[in-house]
Each structure stands twice: as C-alpha cells, then as structure tokens.
Amino acid sequence: MDTRIYWFTAVAGYIIQTKCFSYLQTRDKHDNISDDNVHRGLMVVLAFMYFASLLLLSPVARFFDKAKETKRKRNSTAPLTLSSSSSDLELQTLTEEEPVAPVAPVAVIRDNKIDSSQGISLTYCAKLLTLSILLLIPIMSYIMALSMSPGFDVALIQNTSVFEITSLLYGVCGFTKRKKVVSKFMVMMIALLGILIVSYTKATCDLLAGKLSINEKTGELNDPYLFDRLKSSLLCGLGALTMGPFAVFWNRWFNKRSQNVSLSQQCSHLSMIGIICMVMLLPFFPSMMNTISAIYKDQQFWFFSLVSVFLGTWLHAVSLLQVNRKTSPEYSTTINLGTIIFMGISDWICEPGQTTIVRWEVIGYIMLSVCCIMLSVSYYDKKRITIHP
C-alpha cells in the first residue's frame with residue numbers, strides 16, 4: 001500500500017479516536033454524576049483500553065508478514081522463459097523493500113537473534129520500561145484534557161507540541177537531511193504562525209456561533225470554562241513533550257534497520273509497551289468500583305469504545321508504524337499538521353449549525369495546508385536514511 005494512504009489513515013484514526021474519547025467523557029449521562037472519582041476512573045478506563053488495543057497489533061502484523069512472505073516466495077520461484085522480455089524480468093524481481101539476495105534472510109535471522117536475546121536481557125526490559133513511561137505521560141494528559149476541553153482544542157495543542165518537539169529532536173539527533181535546513185525551518189515557522197492564527201480566531205468563531213457571550217456590565221467575554229480550557233491546554237501541551245524522546249528512542253532502538261526488521265517484530269515491541277502501561281494503571285482499579293458499575297451495562301459506552309479502539313487507536317498505530325518504516329522519520333511529523341487541518345474540517349462537517357467560519361481562520365488553514373504539503377514533498381523519501389549510532 002502506498003505511504004500516502006497510510007498517512008491519511010493515520011490522520012483519520014486519530015480524529016476518530018479523539019472524537020470518541022471526547023464524547024465518552026462529556027456526554028450528558030456522565031455530566032450529571034457529581035462524584036469526581038467516577039470521572040477520574042473513566043479516564044483510567046479509557047487509557048487502559050487505549051493500551052489494550054496495542055495488544056491487537058502483533059497478531060494482525062504477523063498475518064500481513066506471512067502474506068508478504070508468501071508473495072515474495074511466489075515471485076522468487078516463478079519460472080523464467082527464454083521469451084521473457086526485460087520488463088517481465090523486472091516485474092519478477094522484488095523492490096528495494098523486499099530484497100531477493102541471499103544476504104537478506106541472513107540479516108533477518110541475525111536481527112531475529114538480536115531481538116530474541118534482547119527479550120531476556122535487562123537492557124531490553126529497560127528500553128521497554130523507558131518507552132512505556134514516555135508514552136504513558138502524554139496519553140494520560142491527552143485523555144484528561146479531553147474531559148475539560150473540546151476535542152479540537154486538545155488535538156490542536158497536542159499535535160502542535162508533538163510537531164515542535166519531534167522536529168527539534170530529529171534535527172539535533174541526526175535523523176533529518178542536512179539539505180535546505182533554512183528553507184525547511186522557515187516553512188515550519190509559517191506553519192506555526194498558521195496554527196496561531198487558527199487558535200486565536202477560534203474564539204471569535206465560538207462567539208459568532210453563540211457558544212460564548214459578552215458580559216454587558218464589564219464588556220468582557222463570558223467563558224465559564226475558561227480556566228478548565230487553559231488548564232487542559234497546559235496539561236496536554238506539556239505532557240505531549242515526552243513524545244519527542246519516545247520517537248527518538250524508538251527509531252534508535254527498534255527502527256534502525258527497518259528493512260531487516262519485520263512489522264510483526266515492531267508490533268510485538270509495542271504490545272509489550274502496552275502491557276507495561278496496563279500494569280502501571282492496575283493500582284488505580286480498586287478505587288474505581290463506582291466507575292465500573294456506571295459503565296458495566298452502558299451499551300453506548302462500549303459501542304463508542306470499540307469504535308475508538310478498532311477504527312481509531314489501532315488504525316492510527318498501524319498506519320503510523322508503516323509510515324515510519326517506509327519513509328524517513330521526519331516525514332511522520334507532517335501527520336501532526338494534517339491532523340489539525342482535517343480535525344477542523346471534521347468539526348465543520350459534524351457540527352455545521354454550531355460552526356462559524358471567519359476570514360482569518362480560513363487564511364490560517366490555507367497557510368497550514370500549504371506548509372504541510374511543502375514539508376511532505378521535502379521529507380518524502382522511499383529510501384531509508386542511515387541513522388548513525
């Protein structure tokens with residue numbers, strides 16, 4: 001499948017996940033509950049389900065790897081006739097991502113031995129524990145922010161924070177190309193300016209849509225959830241910063257030889273990370289009996305939870321893995337910009353009666369879209385970039 005298709009599915013998966021999580025925490029049934037422990041327990045349950053969905057990656061990835069290996073063997077053992085043209089011979093060879101040379105299986109076996117030896121070593125466990133902590137922080141802050149702010153605000157601040165920190169660390173750690181650094185930096189600054197315009201004009205749009213009002217006595221904006229939104233933005237923005245070290249360590253440890261490491265191996269690493277994060281959340285469950293009793297027979301909760309797992313988290317994780325495997329690591333940062341763009345479009349589609357569009361917001365989205373396309377073209381490279389140790 002083409003990398004650009006994975007790019008769009010990663011964006012779509014994040015949007016579906018965010019909207020489902022936001023709806024589950026802000027619907028009327030839970031707004032009427034005054035017990036704060038129920039709301040906090042709901043955050044833990046959603047985080048637990050998020051990490052549990054990572055366990056589904058490994059078996060599905062093995063299925064795709066077996067299908068890919070079967071196709072490779074079928075093409076490599078296809079008989080060649082004397083009448084075959086040069087184009088036919090080229091079709092029977094594999095691409096750069098699927099080498100036929102006898103050295104490749106040896107490399108794969110060697111990497112498998114390394115992985116199997118790491119599986120019983122303290123170094124491997126330390127790597128998984130480090131990545132688990134770095135992933136648990138942004139996910140918990142992301143889910144907590146969704147309980148206090150609209151999904152669009154959370155998506156905007158989280159993806160902006162992730163885009164900034166990953167772009168910075170990729171450049172510092174040598175994951176990016178050294179060509180046209182100044183021009184790329186200018187494009188990123190224009191993209192951030194577009195995000196700034198969108199975020200500040202969003203308040204004007206909410207005012208025109210009737211979501212906010214003006215206090216006639218003071219002339220100030222009446223926003224009863226102002227401090228909650230500020231708190232959630234600060235919490236989500238700072239928590240998302242750990243995604244930068246997570247991305248760097250992941251590419252250093254488990255994506256360094258992406259041509260020789262199969263998708264199932266990488267998914268098994270993610271599954272182990274999910275298990276560790278689930279174990280970290282277990283101490284919170286004894287105090288969540290009220291939450292469990294509230295959602296036990298809630299069919300609507302389980303429906304949207306399953307949608308968020310299969311069409312949201314799982315789809316986003318698989319697509320992001322494939323994008324990171326097939327292109328340079330810096331290309332995946334454009335997914336954050338695309339998420340902000342399509343999140344705004346989804347709000348216009350899902351809430352046409354409550355959405356007002358102003359001129360400066362459109363200008364901000366145009367700036368962001370142009371910069372996203374320019375960075376995608378600049379970063380896109382099918383060949384893997386050598387990552388120096």
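Keep in mind that glycine also has a Cβ here, set from the backbone N, Cα and C atoms.
In TrEMBL this protein carries:
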TRANSMEM  5-24  transmembrane segment
TRANSMEM  44-64  transmembrane segment
TRANSMEM  128-148  transmembrane segment
TRANSMEM  154-173  transmembrane segment
TRANSMEM  185-203  transmembrane segment
TRANSMEM  232-250  transmembrane segment
TRANSMEM  270-289  transmembrane segment
TRANSMEM  301-321  transmembrane segment
TRANSMEM  333-350  transmembrane segment
TRANSMEM  362-380  transmembrane segment
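The stretches the transmembrane segment (185-203) and the transmembrane segment (301-321) are not in mutual contact, being linked by fewer than three Cβ pairs under 8 Å (pairs 6 or more apart in sequence). Note: the stretches the transmembrane segment (44-64) and the transmembrane segment (301-321) are in contact (3+ CB pairs below 8 A, sequence gap of 6 or more).
If one looks beyond the transmembrane segment (5-24) by at least 6 residues along the same chain, the residues whose Cβ comes under 8 Å of a Cβ in the stretch are 30, 42, 46, 143, 146, 150-151, 154-155, 301, 304-305, 307-308, 311-317, 319-320, 322-323, 326, 334-335, 338-339, 342-343, 346, 350, 376. In summary, the transmembrane segment (128-148) does not lie against the transmembrane segment (333-350): fewer than three C-beta pairs, each 6 or more positions apart in sequence, are under 8 Å. Relative to the transmembrane segment (154-173), the listed stretch 232-250 leads the set 232-250, 270-289, 301-321, 333-350 in CB pairs under 8 A.
Within its own chain, the transmembrane segment (232-250) has Cβ neighbours under 8 Å at 127, 130-131, 134-135, 137-138, 140-142, 144-149, 153-154, 157-158, 160-162, 165-166, 168-170, 173, 175, 329, 332, counting only residues six or more beyond its boundaries.
Below 8 angstroms of C-beta separation, residues 6-7, 9-10, 12-14, 16-18, 20-21, 23-24, 46, 49-50, 52-54, 56-57, 60-61, 263, 266-267, 270, 295, 332, 335 of the same chain, each at least six residues beyond the ends of the transmembrane segment (301-321), sit close to that stretch.
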